[in-house]
Amino acid sequence: MGAEFPGIVRLRCSVKRYEWGKVGEESGVARLYSSNSGEEIDGDEPFAEFWMGTHESGPSSVVANCQMRDGGVEREDGFNRNLVSLKDWILHNPSVLGDKVFQKWGPNLPFLFKVLSVAKALSIQAHPDNSLAAILHKQQPQVYKDDNHKPEMALALTEFEALCGFVVLEEIKSVLQNVPEITDVVGTASANQVLRLSKEDGEKKRKEVLQSLFTKLMSASKAVISDAVSKLISRLNMRIKVRGLTEKEELVLRLEKQYPGDVGVIASFLFNYVKLKFDNVVRAGLTPKKLDVQTLCSILTYKQGFPEILRGVPSNPYTVKYLPPFDEFEVDQCILPQGASTVFPAIPGPSVFLVMKGRGTVRQAFSEELVGEGDVLFTPANAQISVRTTSGLSLYRAGISSRFFKKQNV
């Protein structure tokens, strides 16, 4: 099998139709998936996430006879259906990962590359660290399907809003003083514990008090939350007529329209409101699962402050690298104008390339692929990749973090 796939391979990828996704043609995910799979877009269905990787809940497949758009074995619509799962293909071709990657993570890619098309807010969530992830996976494998700590990074392709991390202590105090509905839910004693905190109090005490407040809020009954949200919305609507609202308050009104009576409407006051512009990156979790309040509240670090916004570092005139502080992955953004070309240097691990817009060619020493919107390519370790376009091309690369390889060489 390894002889058949010595270089670049095409991937057929998975789609997730979560209800918060954009619907039909409005969804960029739908357009990518349709181009990638050859399936028509259902105009009434949400298309939320486009998945590229080996995750068992949405694995990618390798397409045999990869030169497809202009040659090779094709169906009449140009989409080959001779598929094998990427994980199985890697098991037969372990050298494509590189020795260090295979030794560390086995035949699975340690990252899941996604594109999201978000129509409305996702649920409040957090990912456990490595040790807790392994425990939860062992105890409830049907709920916690991943034994990895799942570090995440969101790269904005368009303007994107997020609630990420707890606001600083002084802002939490201000919230409790100006949003009485929270005190109505958690009780005066719990609110006063926070209001009495000072910078002199140790980190352990601040965490305990904030955890107690947040747990009481998230654990409140639906009836209590529904009543509190109703009072909050009525008060804010009255405020509009008098002196207007803050950005956070305007966001709360929008959230309530999407999720009436939900605890997240009130809890949003405790989180940092982040607006990402094109190319901005924030480390964040974006995977709504089963509502498990006790686990959620217990695994949070309760660190306060604005989240880290990563700035990309130019690799060349056309490519910017986003390098988060963990081993599993990094992301390159490459925007080629008409007639341009660039080279991705050989690295000791594999890469996954996604074409967002345009057309061009992606070449390795002994294989070349014609690519367009929605094409996803897997390239092996230790391969220099050349990209060229005559009309313009926008693509993204996900690969193992260069930090990992530097640590291995120390």
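For all residues, glycine too, the Cβ spot is worked out from N, Cα and C.
On a predicted model such as this, the values are computed, not experimentally measured, just so you know.
Feature annotation from TrEMBL assigns active site to Arg283.
According to TrEMBL, the Zn(2+) binding site annotation covers Gln125, His127, Glu152.
As annotated by TrEMBL, domain 'Phosphomannose isomerase type I catalytic' applies to 8-166. Here the domain 'Phosphomannose isomerase type I catalytic' (8-166) returns a mean pLDDT of 82 for the predicted model.
The domain 'Phosphomannose isomerase type I helical insertion' feature in TrEMBL is assigned to 193-270.
Within the chain, the domain 'Phosphomannose isomerase type I C-terminal' (322-362) has long-range Cβ neighbours (under 8 A, six or more residues past its boundaries) at 8, 11, 32, 52-53, 96-101, 104, 109-111, 113, 115, 148, 151, 153, 155, 157, 279, 281, 283, 310, 312-313, 315-316, 368-405, 407. TrEMBL lists 322-362 with the feature domain 'Phosphomannose isomerase type I C-terminal'.
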The domain 'Phosphomannose isomerase type I C-terminal' (322-362), counted residue by residue under DSSP: helix, strand, coil: 0 helix, 24 strand, 17 coil
